[in-house]
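The next block holds one structure in the form of structure tokens; read it before the comments.
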């Protein structure tokens, strides 16, 4: 397979050499036919058959073709053209395309701020395409440049390798990319619409044409001078949109880091007098006379009763003993306030009142019910219906 | 008699004839000619003829992308080509009948 591919390349190179005195665009047209011919023929070849065995040497093929096509017989090339020129038009055009695409990427990343920078890649691309526009749709001379051949080899790895599968997969995504590209370009145009009407029109036009450019470039490589930079522009615009969005997100994030209203997680408040005695039926208000309500959801003693059964800012709030169905105030225990870590400062062991030895029991003033180990105070029972 | 010498003069006509109904790329045309009985037709001659007819404005061409391998350039006959085909056919018929007549005399 590989040796046959080499044979095909060798044969085509011989053909080109035998035709190289003809006008370049005519050679390009002939080679377009011949490449497809030799490629198709090589798939029909047997294991030990070569292209030359089928078609004769390339020089003979070229002679026969010239005769039938009515071209003049082969003339000797001028010495000037035999020397490989370093700076040929195809090479300048190829590098112009590569450079123009790169500049488009950079310009695309700045296009929303200053659309006029897009003129620079446009000039590069138009000039480089003008160099080779007459060389036909296949641009065979560019495809034969050593750098292009190397790139092509790099892009077509051995069949069966992961790289080859990856590239095949990416190729299958191409039509989807053409649509995404048009979408990105359209987005860029819309973002410019309010500020720069020429930029808007230019990018919108590129977006529309880009839909057709993708498939066209498959048949006519000259469309690459449009298709590649259009992709670069889309990617550049995407970068810029991401950049702007990320900037705004950063701004929002810094704003939201300002102290938010504190989330109160306590559900009950216990007030003690200076003697460490638990106060009951304390009503709390702020400076404006608004009741201070513990933020946690407060359920009345008996479900079904009209709410609020008691002022929500009366502390300590009674708790329901669901087993007995009665309401009574429960003194804080190590486990009751959910937010306070039990070990650090449980209100039961050290009430906030000053001057009280920490070992003092807050419930010492109260008759403690012996049954519960934690000092739960029975009753001060609050009647739900007042 | 070497038919390849005869063929040279009428390959134009043969190529135009096989493109009359359907467009075709180069190798297509070669196959159609061979299927039609022109076994000796050379690949290169057909490709050369296609180029000549194209340059003479009797054919148009378009490229069809191919998933594997190079793109295929299809040729299709245009009005000029059809006019030439009709004209050449008449020329050929009268020429062939003339030659037939001569050969009959020889045989007689």
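Cβ atoms are placed via backbone N, Cα and C, with glycine included.
According to TrEMBL, the feature transmembrane segment maps to residues A:197-214, out of the candidate ranges A:197-214, A:251-268, A:269-286.
Per TrEMBL, the stretch carrying the note transmembrane segment among A:143-162, A:223-242, A:303-322 is A:223-242. The range from A:54-72, A:73-91, A:92-110 that TrEMBL describes as transmembrane segment is residues A:92-110.
Recorded stretches compared: A:92-110, A:175-191, A:197-214, A:223-242; the one with the most Cβ pairs under 8 Å to the transmembrane segment (A:116-133) is A:92-110. Taking pairs at least six residues apart, the transmembrane segment (A:92-110) and the transmembrane segment (A:197-214) share fewer than three Cβ pairs below 8 Å and do not count as touching.
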